[in-house]
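To start, the structure itself, in structure tokens.
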Amino acid sequence: MQRDTQVFDLIAKEKERQLNGLELIASENFVSEAVLEAAGSVLTNKYAEGYPGKRYYGGCEVVDQVEQLAIDRLKELFNAEYANVQPHSGSQANTAVFHTVMKPGDKFLGFDLSHGGHLTHGSPVNFSGKLYNPVFYGVDKETGLIDYDAVAEIAEKEKPKMIIAGASAYSREIDYKRFREIADSVGAILVADMAHPAGLIAKGLISDPLPHCHIVTSTTHKTLRGPRGGIILMGKDFENPFGEKLKNGNLKKMSTMLNSGIFPGNQGGPLEHIIAAKAIAFGEALTDEFLHYTVQVKKNAEKLAQAFVEKDYKVISGGTDNHMMLIDLRNKNVSGKEAEEALSKADITVNKNMVPFDDKSPFVTSGIRIGTPAVTTRGLQENDMNKIVDLIDRVITNIENDTELEAVKKEVNSMMSGRPLFVA
């Protein structure tokens, strides 16, 4: 069959874009050649509905071993008793948890999207806000930090069945112990969504949700530096508190219910080529090299945030404890949309993002979200962060000056020239 040059030419263009630019989107990263190889392997040919040893198709002897290896490595990485590696995405993992814990119309408490939460934490345009009854907590207007006393007050008033601790645009440590105390006080299931900082959590660099939360979900890309996908974890399995029973009359374990929440609850056959790529990424994450990488991600983020503050940019909460930061551009009289578009012309990729108490729409926004996982994978270190902020500042202050944007682009291209996508 003739090679599809139209598609492969586009893939080549995308590779050039990634090689030439500064990738500062906090949710993006670059995977190893081994992860890429597994994701493009013959495992994509195999259907495997069910779980290892309990499939609805024949010929699963090898993919059973692949999936079990991914499960075992993931358990070791997070010291977890239970792991499911089948979710196609973090959103699918969250969907399975909702299906397992909640019934349509049940109330839950999530992080307000405009304050740093995620679509699946109760946005009205998402299944979580359409099928269920969300109430929200947020951050303090002055500090930009989660107000745990306010969370406790809302929980006491609303009595949610489930509380979600986690964010897509929050740069500080999350106090999972305090969240568990709040959840226990109202009899709620506590779910952590650690999609963003999972790699840092795995190496002990920031607080670990598994000892405190009933259920933990994550993506496998971002700071875990694996293929695009999702996972579900529990530090300890436990009998479900909803009275769901097996045929023998015993209470079902939450692991059984979560597995059913994924298959057949909201997915069919798992993507075994992606699960193989996950297994490789988990293996990489178990190494000392990955520890060195995550330490550098955190150092780079701290330095980047500091450099923004020194340039009179407002960093929400004043800094970062993880891999990302949220920049409020209102004192620069530039919208997030304008900044994203101008930076893109200079081969600097960020995403526009609402800031807490934003007065602009989600399509415009007052801020940008920036992260260091991808540039750290390419080998950049603290001494490169001031240069990055200088380049961003030149774009922000010359947003309609195409000549200056082109000059910045040339400097970006020179800065990244000769650097492979995967160094660290």
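One is the number of the first residue shown, and numbering goes on along the chain from there.
Backbone N, Cα and C atoms are what each Cβ position is placed from, and that goes for glycine too.
These features come from Swiss-Prot:
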type    : residues                                               : note
BINDING : LEU113, GLY117, HIS118, LEU119, SER361, PRO362, PHE363 : (6S)-5,6,7,8-tetrahydrofolate binding site
MOD_RES : LYS222                                                 : N6-(pyridoxal phosphate)lysine
SITE    : HIS221                                                 : site 'Plays an important role in substrate specificity'
Site diameter for (6S)-5,6,7,8-tetrahydrofolate, Å, by largest Cα distance between LEU113, GLY117, HIS118, LEU119, SER361, PRO362, PHE363: 16
Fewest-neighbour residue among recorded positions, criterion Cβ within 10 Å, set HIS118, HIS221, LYS222: HIS118
Number of other Cβ atoms within 10 Å of the Cβ of SER361 ((6S)-5,6,7,8-tetrahydrofolate binding site) across all protein chains: 11
Residues satisfying Cβ distance under 8 Å from GLY117 ((6S)-5,6,7,8-tetrahydrofolate binding site), sequence separation of at least 6: GLY110, PHE111, SER123, PHE136, ILE164, GLY166, ALA167, SER168, ALA169
Nearest recorded site to LYS222 (N6-(pyridoxal phosphate)lysine) by CA-CA distance, among binding-site residues HIS118, LEU119, PRO362, PHE363: HIS118
Cβ packing number for LEU113 ((6S)-5,6,7,8-tetrahydrofolate binding site), 10 Å threshold: 25
Cβ-based isolation winner (fewest other Cβ atoms within 10 Å) among the binding-site residues LEU119, PRO362, PHE363: PHE363
Alpha-carbon spacing, HIS221 (site 'Plays an important role in substrate specificity') to PRO362 ((6S)-5,6,7,8-tetrahydrofolate binding site), which is rounded to whole Å: 24
